[in-house]
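Novice: Quick one: the structure is below, and I'll ask about it shortly.
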Amino acid sequence: MNNTETRTAMENTTNPHSLHAFGYRTILLSIYCIVLVCGTVCLSLTMHILKSSSTSITSIAVLNLIFAHFIFLVTVPFRIYYYATDKWTLGAGLCKVVSSMIHTHMYMSFMFCVVILIMRLMNFYLKSNQLASFNKIKAFLFSFMVWIVGLIVVPLTIHYCYGKKKDSPHDNGAVCFNFGKNIQDLDAKVFNYIVSSLIILVATVLMALQAHVVWVLHGRRRQGCSSQQDFGTQVKSLCFALIMFLCFVPYHVFRLYYLENIELQQINEVFLSVTTLNCLDMLTLLGKRTCYTCFY
């Protein structure tokens, strides 16, 4: 019995992945299972709505957001498998792809969330004839260029730069999503500081602006100067902005600290998993019309 306990203690000492493994894996498994189930349902219902809606710049941005969510959701079962078995046996290449997709999803979905919120704000602050100058074809071309760049840059980055340094020499390929040392270079740190600060700033400003719009419309509504539909649309946009804020800002605030404390990688992974809950932002696009159409 003593030999078994000693061997277990030695394994826990040499394998940092096993420290606090039960609570750490349970939290991540719970989050990713919620994301996979709820995210799939939300995307299905949202696609059902968009089939019968008119094409607009906002709907084009929503389609891009759906595509970003879909690509990430394809990789979620691999994460669930890994945290359920506590072992990666699918090869280093697939590990890097699955690991990088969570970051790709985060930045792409944040960008499209920002576009959607800006368009909603412009609908409030600008007149309709000013918005008419925005061409739908330009929106499609912009989307096409974004995805072409993403599908070229991301694979090249994964192949040549991502996952070159391992945090533990004892993993023998059985540990995945463990690339903390890759951000210790000065250039990588500066890039991460800039990106995290920008995301925090943009998310906070958009949240404040959307809250201001709802407050103004609430005042007009009480005076009978604003329609219920306009108010409801902006309330949905506020919920959309709130989901974006709660999913992205905590992670990037912690990341500013994590960049100098790489040993907190497990906590960073938990914060990173929270960003995937923004797949639920599709709920803000659903309404009574969806429920009646889908279930009756």
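Heads up, residue numbers simply count up from 1 along the chain you see.
Just so it is clear, glycine is given a Cβ too, placed from its N, Cα and C backbone atoms.
Here the structure is a predicted model, which means the values were calculated and not measured.
So TrEMBL lists these for the protein:
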DOMAIN    39-257  domain 'G-protein coupled receptors family 1 profile'
TRANSMEM  27-50  transmembrane segment
TRANSMEM  62-84  transmembrane segment
TRANSMEM  104-126  transmembrane segment
TRANSMEM  138-158  transmembrane segment
TRANSMEM  190-217  transmembrane segment
TRANSMEM  238-258  transmembrane segment
Novice: Report, as numbers and ranges, every residue of the chain located at least six residues beyond the transmembrane segment (27-50) whose Cβ falls under 8 Å of a Cβ in that stretch; write 'none' if there are none.
Specialist: 59, 62-63, 66, 69-70, 73, 76-77, 79-80, 83-84, 269-270, 273-274, 276-277, 279-280, 282-283, 285-286, 289-290, 293-294
Novice: Go through the chain and flag residues at least 6 beyond the ends of the transmembrane segment (104-126) whose CB is under 8 A from any CB in it; none is fine as an answer.
Specialist: 57-58, 61-62, 64-65, 68-69, 71-72, 146, 150, 154, 195, 199, 202-203, 206, 209-210, 213, 217, 233-234, 237, 240-241, 244, 248, 272, 275-276, 278, 281
Novice: Grab the pLDDT values for the domain 'G-protein coupled receptors family 1 profile' (39-257) and give me their mean, rounded.
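Specialist: PLDDT averaged over the stretch: 81.
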